[in-house]
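Report on the following structure.
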Amino acid sequence: MDNIEPMALIIDGRTLDFALEDDIKLTFLELATHCKAVVCCRVSPLQKALVVKLVRKNVHDSVTLAIGDGANDVGMIQAAHVGVGISGQEGLQAARSADFAIAQFRFLRKLLLVHGGWAYARMSKLICYSFYKNITLYLIQMWFAINNAWSAQTLFETWSSVSSYNVAWSVFQPFVMGIFDQYVSARMLDRYPQLYHLGQRSVFYNHKVLFSWVLNSFYHSLFIYYAWHFVYGEGLFMPDGRVGDNWSWGQMVYCSVLATIGWKAALVVDSWVKFTYIAIIGSFVAFMVLFPPYTFVGPITRISPELFNVLRPMFASPAFWFGLLLIPIGANLRDFVWKYVKRTYFPKSYHIIQEVQKYNIPDYRPRMEWFRKAVHKVRMIQRLKRSRGFAFSQTETGQVGLISKYDTT
């Protein structure tokens, strides 16, 4: 069948009744899949839904898309993997039943190429980063268990560290990635529709990518824990001779984890908006500001008695501040180098588009063309205003010719 010229199948509703019967519907599907295009004309709403269900159920690795503008398309839209409703003169039934609603059919190009590409890249990054940040934190507990002879002693305080990790301190980074991140601009996605194949080829999310993120979390957790193990040694000695306990050390490690996952988020995001700064920088700053008051409130209210007198061994220690600065940078140094090598020596297609977007190399002529059209439009409006006038009290220069052009009947 591969050597046959492209074919098209056209079938009407009466014939489709027989084609959808149980004994021949798979034969009809096989014939349809070998055609370049299949047109089902004069069919009922139920037949539309049955055709979509037949393809969705029997064609493996297929993603069905249904587009409709009226109530007769609701069944087809709901049967497909992705439904798109067009809100217009036919009503809002299709738009309300669909996954996405557009005003005109021409907007489908932007929905697929731009928003579809963004959504795939964002969700891929969100899922991988969520796995990464959780594995990084909780694997440190396992490395600590090796050193305490598996005594079930925890390194981190429960409320301010473990329970609030996915609720307060590391929740905004994935949100920003999943909502605002753009690996290339809308103009570039529309100009280079070949980038849509990135999603079809599973470039951003596959088993290899996810496994690399998991391995990276293993590496970061090992680096953070044993780097602080080297700094802390047998105990953190204070200038007055006192020694910090394991809770002080645990909070030092926890601060480094927050800084490390923040650096990692800064490396993987492609577009920075004000919410990106708030999520990445603001989350860490908020913890460093709110943690000192909590070390006084927690022990008094008996919510976190472990934090009694941990603030001074932490914040009065120069080793803590040097470790908080150097350990996250050292953990992400490998990621930074690998990103540089990959973009420089093994660039992907979207890397090239990002560079084109950055330096606007082919973007100069389209922008100048847009600017020229905009200037021409403004000048035309100004000429019309000068010729028409604004009130009948003005001179009739230009108004007589303008009024005579209209059919007053």
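Just so you know, the numbers here start at 1 and follow the chain as drawn.
Each Cβ is built from the backbone N, Cα and C atoms, and glycine gets one as well.
Copied from TrEMBL, the annotated features are:
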| type | residues | note |
| --- | --- | --- |
| DOMAIN | 95-348 | domain 'P-type ATPase C-terminal' |
| TRANSMEM | 126-146 | transmembrane segment |
| TRANSMEM | 166-189 | transmembrane segment |
| TRANSMEM | 210-228 | transmembrane segment |
| TRANSMEM | 248-268 | transmembrane segment |
| TRANSMEM | 275-294 | transmembrane segment |
| TRANSMEM | 314-333 | transmembrane segment |
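Where the transmembrane segment (166-189) meets the stretches 126-146, 210-228, 275-294, 314-333, the count of C-beta pairs under 8 angstroms peaks at 275-294.
Listed as Cβ neighbours of the transmembrane segment (275-294) (distance under 8 Å, sequence separation of 6 or more from its ends, same chain) are residues 160, 168-170, 172-173, 175-176, 179-180, 251, 255, 258-259, 262, 265-266, 269, 304, 307, 311, 315. Remote same-chain partners of the transmembrane segment (210-228), defined as residues 6 or more beyond its termini with a Cβ less than 8 Å from a stretch Cβ, comprise 127-129, 131-133, 135-137, 139-140, 143-144, 249, 252-253, 256-257, 260, 264, 323, 327-328, 330-332, 334-335. The average pLDDT the prediction assigns to the domain 'P-type ATPase C-terminal' (95-348) is 91.
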